[in-house]
Each structure stands twice: as C-alpha cells, then as structure tokens.
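For reference, the structure discussed in these notes is given below.
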Amino acid sequence: MLKNRRKPMMGGSMSHDEYQIHKAKILTPAFWVLLTLTVIGFALIAVRFIWGIGAVSNLSDGYPWGIWITYDVATGTAIACGGYAVAILIYIRNKMHYHPLIRSAVLTSLFGYGLAGFSVMVDVGRPWNAYNFFVPSQWQANSAMFEVALCVMAYTTVLAIEFLPAVLTRLQETNWSRARSFLEKYHGRFGLDTPVVLEKLEKLGQRALWLQPRLDKVLIFVIVLGITLPTMHQSSLGSLLLIASTKLYPLWHTGFLPLLFLINCMFIGYSIAILESIISSYGFKRPFEIDQLSGLASITPYLTSIWLCVVVGDLVWRGQVANALRFDFYSAFFLLEFGLVATGSLLLFSKKRRQSPRWLFITAVLIVLGGALYRFNVYLIGFNPGQGWRYFPSLAELMITVGIVAFEILGYQVLVKLFPVLPRLHGHEVVEKV
Amino acid sequence: MSQLGHFFGNGISRRDFIKTCVATTAVMGLPFSMAAKVAEAAQAPDRPPVIWLHFQECTGCSESLLRANHPAPATLLLEMISLDYHETLMAGSGHQAEKSLHDSMKANHGKYILIVEGAIPTKENGIYCKVGGKTALESLRKAAEGAAAIISIGTCASYGGIQAAPPNPTGAVGVRDIIKDKPIINIPGCPPSPYNLLSTVLYFLTFKKLPELDEMGRPKFAYGRRIHEHCERRPHFDAGRFAKAFGHETHAQGYCLYKLGCKGPATYANCSVQRFNDVGVWPVSVGHPCIGCTEPDILFRTAIADKVQIHEPTPFDSYAPVDLKDKGKGASPVTTGILGLAAGAALGAGAMMARKLPDAEQPAEHGQGGDHEPKE
C-alpha cells in the first residue's frame, strides 16, 4: 500500500506529502489514565525537591544511583534511540524508503532524551550546582559523565530542531480552529481580545513560512549531528561503568562495554521503531507499515548477532564462561538477557515472520526486553557496592519513573494528533470514531 | 593554702585552668561541651571542701599528683578545690593541725569529700598506725562519719596494697572493708593517674553524684577497659610477636611484653590511653610490662614475671562497623507487589496484543482490537 510513492528527497522539504496529522479525539480514556500517572509522578518529583531524595527514594551511599538512572537515563536513552537508528538507515545508508518513519521516531527520541536529562536533574544530589554545567571553566573534559551530559543536552536540542519542520508545517496550514473556539468561549476574560490574538497567531504562521525553507537548508547538518552525538554518548554510557571494576560483576565488566552499549542501542533502536509503529497502528487503527518494518527487522538480527558474538567472545577471552553457566543469581540474569536477545533475533531470520505484524511485535518485544535487561544488569543488577548494601526502588521512586514514562506516551499521543508526525496514508484515510 | 601558690608558681592561669578542665572532662568520657559545666563546678564558691587522710602508705599518690611536670592538676586541686586538711602539705602541725581538721569536719559536716591515702591496719586494734594519738581506724571512722563521699586513692586505700600482701602482719585492709555506710570510690593504682582523681572529684562537683562504678568501686570512665585493649603493642600481640627477654632483640623491636609477665590482659585501667607525667609515657611504652597495680589480686600477689591467663586471645569484636549488617533499603512488600502486578499486566497486555495482531500481512482492515493504548 505504500509502494507507489515518489522517492523522497532529503530533509523536511517533502514533509507535506509524507506525514499527516492523526485526526482523532485527544481526550481519550487513555489520555486521562496517563495524565493521572503523570500528575502523580510529578507531584512526587515536587516532594523530592522539597524534602530531598531520601523522602522519596531508597538511594543510599552504596547505591547512589537506582531506577532513575538505570531506567530513565541508561535504558530510556537506548529506547529513545529509534530516531538515531532510523536516521542511520536513512541518511547513512541512503534508504529514503524509510523516511516516513523518521518523524515519529524523532518525536519518541525527543521525549526519551529530554526526560532522561530531566531525570538526571531529579537524581543529582545537589541540583542547585547544576548551573556549573553551563560554565565552561568548570568543565572536566576528561570525564565520561561530562561527555554523556553534554551529548544528551546537545542531542535533545538537535532532536527538537529535527522535529521543528512538523511544527512549522502545522503553523502554516492551521486555521486555528481550536484557538478560535477557545477564544470565543473565553472572549474578554483573561485579558484576551479575539482579533488581536488571532492576528498574532497569523503572524506566527507567516514567520513559520519564512523559517521553513531556511531551516530545510541547514537541516542536514543538524541531522549529521543527530547521528554523531548518540554514537559518542551511547558508548560513553558503557564507559561510565568501566570505573566500577570491583563493583560490577565480572560477567558484565569488560573493556568492550562501550562497544556493547553502542551496538545494543542500535538494535534496541530498530526494535523500538518497529514496536512504536505497530503499537501506533494498532492503537490508532491505522494499517501496519509492514514494508518498512520488515526492512528494519532484517537489520536487527545481524546487529544482535554481532553483539552476541562480542559478548560470547569476550566471556571466553576473559575466562568467564563458567561464571555465566553457574546458574546463580547473576548467571540467571545474564542468561535471561542473552536468551531474550538471541531468541528474538533467531526468530527474525525467517522472512515469513518478518512479514507478520504479530511476529514483528513479539520479536521486537523480546529484543527490547533483552537489550534493556542488559543495561539493567550493568547498571543495577550486576552492581554490588560492597558487603551488606542492598537496594530496591521504593514505590515513590518507581512512580516517578512511571510518571515520566506516562508523560512520554501522553505527549506522543497528543502531539501526533496536533502535528503531522505519522506517515501519510495513501488511498484510505482512517479516522477514528469519536 | 596560698603559700602553695608560691611553691608551684603564681597560681594557675585561666588558660591552664580551662585546659585542665577539658582534659579531665575527656578522661570522664564526657563530650567536649561538658567542659564548660565542669569548669563552672570547679569555680563554684560553695564547692565542698576536701579532707585528705594518710595512713599506711608511701605518699606516692600525693607525690604523683604534686610532681607532675605541669603543675596544673596539683594547682587546680590545691587552689580550686578547698583542701582543708592534708598532712603532708599543710603548713600547720601538732595541735594546730588537729584543730584545723576538727574545725573543718564540724563546719562542713555531711558535705566534705574525704580522700584516704594508705591502708588501715586492724590487728591489735590498729595500733600499728597512729596520727595525733589516734589509730588510723579511729581517725577514719570519725572522718567518715561526716563525709559526703569517700575517695580511696591508690591501691593501699582501695584494697590494702603492699601492707595487705601475705602474711599481712598488721592486718591492713582498704577503706571499703571498714566503712560500709558511705559511698566509696576506689581510684587504685600505684600510683594512680592524677587525672583520674581530679576527674572523679570534678565529676562529683559537677553532677552532685558518684560516677558509674564497677564491682571494685572504680569509676568506669577510667577503669572500664583492660589496658590490653588499647595498648600500642597490641598489634604485636595479635600477630604473635613477643619480646622474649629484657634487652633481647625482640624487646628492642617493641614487641608485646606478655611473655615478660605483662598483666595488661587482666588489668582494668586507662594507662594505655591517659598515660603519665603529661608527656605520654607509661610503663609499657618504655619497655616494662604492666604489673597490674589496679587489680586487688595481681600486684603484690603474683610475681611480676608471671603470665596471666588470657581469656580473650582474639581481638574484641566491637571495632568500627565493617560488618555484615544490611545497609540501604531493600524491597518492600507493597512495592514488589505493585511492581509484580504491573509487570504481569504489561506482559498480559503484550500477549493479548500479540494474539490480536494479524499473523500475516493483510491488505484490508487491521486492528479491530481494543481502543486502549497497550503497554510495551
């Protein structure tokens, strides 16, 4: 159904043709559920900032990072690598065929990275010192942590710019119907004067019209940055744990951590792009993008194979195979992580399964879970700060993470209904019943 | 006793006074902030006087107090504490001295602190020790009558000391064997550290009560632990390195003196911490084994070269906590329950969704499933 398309060119110039606003009701039951979770999460974040980290979390001197860093930062940014992985495919391997997928992938990445940076602010013990980050004389350029922080901030900005064309297009095309009805309802209140506000909004549209072609010209540089930055910091996320040689269980502590994290984020990125597309199609009742998805799915097993080979080869080289097969606590988690990724990849070698939405979904779930478990293993499960220390996230701590994830899904749900993000459907416009 | 100011230098400076108060507070094991309270008590105008009696002894306890390098403890005791009667220090003699003792006991009846130095002979009605025509036994009983508390300084006053060593010809005993109806604090030692006496007196003045005592009547702040526990040669003991003979290479190396008869493992005192002469020396630090002078059953009852039985050969287990206690917070049942439910629900939703998704690509309508957003 998506085959007879003109081959798109670079950048956002073809955005009018490739993407569409998902026309559906915004205030669905799912919206309210997610909003509730978001509000709970952010209320707890407020508690954290008023009464301190100890009031909401189980973090301690032994476990200075917990679920926030492990999930929201280390795993969340990998899950947010859909934009990165798809961008590599489109711009490095020049497969423009996948271009319609990029915008929704970029949007998820934008939420993933923005909120990862936000989570760090929740997690740091003395957030009032964070301004030092913007003072170059305070930089510690040899620190992997510094590089991660710099890249996460830069990449979030890059993603925002990459998403900007969707906003600009919308600003030009909108007739401000929602704004009009709002203004009519509240005319005179809040100091709102309908004609004046509308005039200002029109001007905004004109500015967008002026900006768009100029942005298109430089967008490719931004995209190049958007590919470079994750390559830098995803490997650095692995480097961070190199320092914990006595604390990280030997199954996971290896000089290959940066490489493993880099490949890991790529296959998680492709799998999450598949998942996101299938879930959107399913949830929004749109047809599945089988063509592109099976294409992505044909790449993942090769990436995972490389990753699994590095893992096994490294274990053999370091003489840790016996540890991996000990079937104790650590070995169980290692085998689970390994098994999930390996099973998901093996299933994907079949072309028939790659054409099936169900199998695409199952394999993507397996690979994402396995890949995410790898990051959990490295950051939390395989990490032992010393005898006697223990950690399990508190309910409030978990609810903050849940609130942040809920906010991501909520934002995605709302923005695809406001801006042209999802791939354009040709032939049949499916509109959700209200 | 103003003539003593002449003897010990011109009084005591404020700085020395406060320093001494801080030192004694530390000996009592009290927090630093208590030093101010101790200093206040030492200056109170109505502080009780001290009467000091000498019986069968060598005056070594008084000497150790007076001949300390820094005069602060002695000066403090003599100037700050109202010492009304001290046979070796007072200027008066004969009937004049007796009158002073009598007057003070009468004027401060029930309030004064009685310090006793030396053992009391009991054989033949105590005729072996007489002062001013009265036996030690009589003097003690009379002075104890009006005392608020009695401090036995030195091993002799505490347990009888060398006079009571077998065969004990004079029937010498300590104060606690004669006086039964008064609070008695023993400060044993031959001699004891002057700081232990000073701290005890100041504790009494500050808190108006006796410090916590062990079963021998010794203040626990000074006699609560064996000297072995804090001995600087303890690592050698734990490592099994012992001095084999005086002058031997192992002795010169500073090894543990246990095999030379050190009684440290059985002796309760703070010598290894507080030390002597205000310069941080004590017998073990200069190569001589502890003789166990604060223990009634060791000094004068066992030979100096005898080895004591060690009941705890291994170091005691209350060092700084590097133990196996759980640190940090683990899982709570509610959290794990909710997490389990959420994970189960997500897994279930995922499985349901996988079931509803078409197995093969279908050209027509898809996704007739529920309208909720399934979880990953």
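Here the Cβ of each residue, glycine as well, is placed from N, Cα and C on the backbone.
Features reported for this protein in TrEMBL:
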| type | residues | note |
| --- | --- | --- |
| TRANSMEM | A:30-53 | transmembrane segment |
| TRANSMEM | A:65-92 | transmembrane segment |
| TRANSMEM | A:104-124 | transmembrane segment |
| TRANSMEM | A:144-168 | transmembrane segment |
| TRANSMEM | A:218-244 | transmembrane segment |
| TRANSMEM | A:256-275 | transmembrane segment |
| TRANSMEM | A:296-317 | transmembrane segment |
| TRANSMEM | A:329-349 | transmembrane segment |
| TRANSMEM | A:361-383 | transmembrane segment |
| TRANSMEM | A:395-415 | transmembrane segment |
Ranked first among A:218-244, A:256-275, A:395-415 for CB pairs under 8 angstroms with the transmembrane segment (A:104-124):
A:395-415
Same-chain residues near the transmembrane segment (A:256-275), Cβ under 8 Å, at least 6 residues beyond its ends:
77-86, 88-89, 101, 105, 108, 230-231, 234-239, 241-242, 293, 296-297, 299-300, 303-304, 306-307, 310-311, 314, 341, 344, 360-361, 363-365, 367-368, 371-372, 374-375, 378
Of A:144-168, A:218-244, A:329-349, A:361-383, A:395-415, whichever stretch has the most CB pairs under 8 A to the transmembrane segment (A:30-53):
A:395-415
What parts of the chain pack near the transmembrane segment (A:361-383), using Cβ distances under 8 Å and only residues at least 6 beyond its ends?
63, 65-67, 69-71, 74-75, 78-79, 237-238, 241, 244, 247-249, 251-253, 257, 260-261, 264, 267-268, 271-272, 274-275, 278, 297, 300, 304, 330, 333-334, 336-345, 347-348, 353, 391
What stretch, picked from A:65-92, A:144-168, A:218-244, A:395-415, has the most CB pairs under 8 A with the transmembrane segment (A:296-317)?
A:65-92
Residues of the same chain, at least six outside the transmembrane segment (A:329-349), with any C-beta under 8 angstroms of its C-beta?
249, 251-252, 267, 271, 297-298, 300-301, 304-305, 307-308, 311, 323, 359, 362-367, 369-371, 373-374, 377, 381-382
At a C-beta cut-off of under 8 Å, are there same-chain residues at least 6 beyond the transmembrane segment (A:395-415) that contact it? List them, or none.
26, 28, 30-31, 34-35, 37-42, 44-45, 47-48, 55-59, 66-68, 71-72, 104, 107-108, 111-112, 115, 118-119, 122, 421
Tertiary contacts of the transmembrane segment (A:65-92), as residues 6+ beyond its ends and Cβ separation under 8 Å:
10, 57-59, 98-99, 101-102, 105-106, 108-113, 115-116, 119-120, 122-123, 152, 159, 162, 220, 223-224, 226-227, 230-231, 233-234, 237, 261, 264-270, 272-273, 276, 296, 299, 368, 371-372, 375-376, 378-380, 391, 393, 397-398, 400-401, 404
